[in-house]
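First comes the structure, then the notes that go with it.
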């Protein structure tokens, strides 16, 4: 029997979020709706999820000793990683000491770098993937590009939101692609993956929930990325029954190997009826923000239920829907959003502003959500709303 205590009392059910971005913020809100006491941790102060949590801490989550000390101080019932840049060896140690890591410490460790998850998917599970090679230095990088062929995709083994990722289209770009990957890695310069370029009709995220009663799939989500960074997503993505069956089989296999409970974002390329595995995140996915308007239970609500061991009897899609990221470019510590009445003027349109304190370069600061009778109309509605938004730096 699942029980939940009262927050801020000795019997509270406590969750510690490691990483406090916009996805974590939505998870915190869903957990609090269920009466959970939440502690939000990040490397910088006043991160989005910290703004809504019961307590917040600012530490380097790559510092294993600091992380261990904080966990032992708070003694959470569940540790929920929201980002890759965490001392995963410490999570393994904490799990062995009796703490519950969501979904598992192994899943966090394998998916924090592209090498672990690619070797699991391709070499252990035999899932279809692009050709790939891992390299540590520039000379090996040049040889890998020659072997894989141009065009190819270059990524640091540890990065997120497209940082350090590029499509190499000519020999002349080899030095700049290497340098960009070295600058974009989460843990600094280092190992890189070179992937063969996959010709595909579209990309999907198949959100997959492992819960107390098994594995459930959300309707597939289509998306557009720019340099690996999500800009638009929609649900459902139309695909053949054969392709959907293959995608679900891949998702079930990879999430089953990672184990534990929670939501996973499984990214795949689709070409006709063929499906190729790309990546998996053992946490809510940015393209899944569309579920805030498309579903009865968003990916964040589903994650909260799965974490707590609560049942997920049904996943209901309300209507075709779309999301459009609000990406702000420039430099400011006091971004102001205007024309909001106009942005929200149409029915079934919504908005999330993440509360991020500053931008320096470009940064995702919010998302526009829209529902309609078709994905196409929902996308048009989201774009219309976006065009009305005013941003002052």
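Glycine is no exception: its Cβ is also placed from the backbone N, Cα and C atoms.
Per Swiss-Prot, N(1)-(5-phospho-beta-D-ribosyl)glycinamide is bound by 22, 23, 82, 286, 363, 364; the candidate from 75, 356 named for the same site is 356. Cα of residue 356 (N(1)-(5-phospho-beta-D-ribosyl)glycinamide binding site) to Cα of residue 279 (Mg(2+) binding site): a span of 27 Å. Cα of residue 364 (N(1)-(5-phospho-beta-D-ribosyl)glycinamide binding site) to Cα of residue 195 (ATP binding site): a span of 26 Å. In this structure, the C-alpha atom of residue 195 (ATP binding site) lies 12 angstrom from that of residue 279 (Mg(2+) binding site).
In this structure the alpha carbons, written CA, of residue 267 (Mg(2+) binding site) and residue 203 (ATP binding site) are 7 Å apart.
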